[in-house]
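The annotation compositional bias 'Low complexity' is assigned in TrEMBL to 1-11. Marked as region 'Disordered' by TrEMBL: 1-23. As annotated by TrEMBL, transmembrane segment applies to 47-64, 70-90, 125-145, 151-168.
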Amino acid sequence: METTTGATTVTPAEGLSPDSVSSPLSRLTFAVSQRYRHLLDKSVPHVLYRWIGLFVLAFIYFLRVHLVEGFYIVTYAIGIYVLNLLIGFLSPQVDPEMQDLMDGPSLPTRGSDEFRPFVRRLPEFKFWLSMTYVFLIGFVCTFFSVFDVPVFWPILLFYWVVLFSVTMRRQITLMVKYKYVPFTFGKRTYGKKPSSTDTTSSQPRD
């Protein structure tokens with residue numbers, strides 16, 4: 001059977017169909033992807049262990065850079081990318097400055113306002129996963145000399161510190177102006193006064 005696509009005629013091999021040729025690779029790719037997604041889903045509640053693993057990976061990367069005394073441009077690129085991730089992690093999902101321009105709803109500023117939990121622009125899990133990816137990619141890059149561009153690393157460090165300071169100063173200014181805190185420590189609870197029946201029932205009986 002011949003299949004015509006435009007001006008080109010394609011004749012598949014006898015006894016084979018396009019589905020049967022590509023299906024083994026597709027099945028393998030799907031199985032690996034499914035297994036990978038399953039492992040990621042299982043790691044979601046283990047926040048502490050995930051971040052400990054990330055810090056260990058970052059330590060191995062910096063130890064590798066220190067031992068080879070190179071790849072500073074790769075480290076600088078990682079630093080810029082991590083800074084962008086950090087800004088997304090500390091920022092609300094909806095920009096409060098844009099809300100002011102559109103006269104939309106704002107974050108609660110008084111105790112009588114409705115409590116609304118802080119929703120990040122970049123969730124914690126995606127923040128951790130992106131940082132893990134970038135350190136893995138950076139570690140692999142240290143084995144290829146093409147990425148070892150000779151630079152004066154103190155200049156790169158100075159640029160990054162200045163950029164970090166300016167960016168975090170603006171972020172802290174927004175936090176103070178719109179009165180939001182990007183960190184929550186447990187579920188918010190409210191005090192409950194014991195009722196008279198509870199008080200009487202708690203007293204010992206003769």
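Glycine is treated like the rest: Cβ placed from N, Cα and C.
With a cut-off of 8 Å between Cβ atoms, the residues of this chain six or more beyond the transmembrane segment (125-145) that come close are 40, 44, 50-51, 53-54, 57-58, 60-61, 64-65, 68, 70-71, 74-75, 77-78, 81-82, 85-86, 88-89. Counting residues 6+ beyond its ends, the transmembrane segment (47-64) has Cβ neighbours under 8 Å at 75, 78, 124, 128, 131-132, 135-136, 138-139, 142 in the same chain. Sequence-remote contacts of a segment are chain residues at least 6 beyond its ends whose Cβ falls under 8 Å from one of its Cβ atoms, and for the transmembrane segment (151-168) they are 72-73, 75-76, 79-80, 83, 87.
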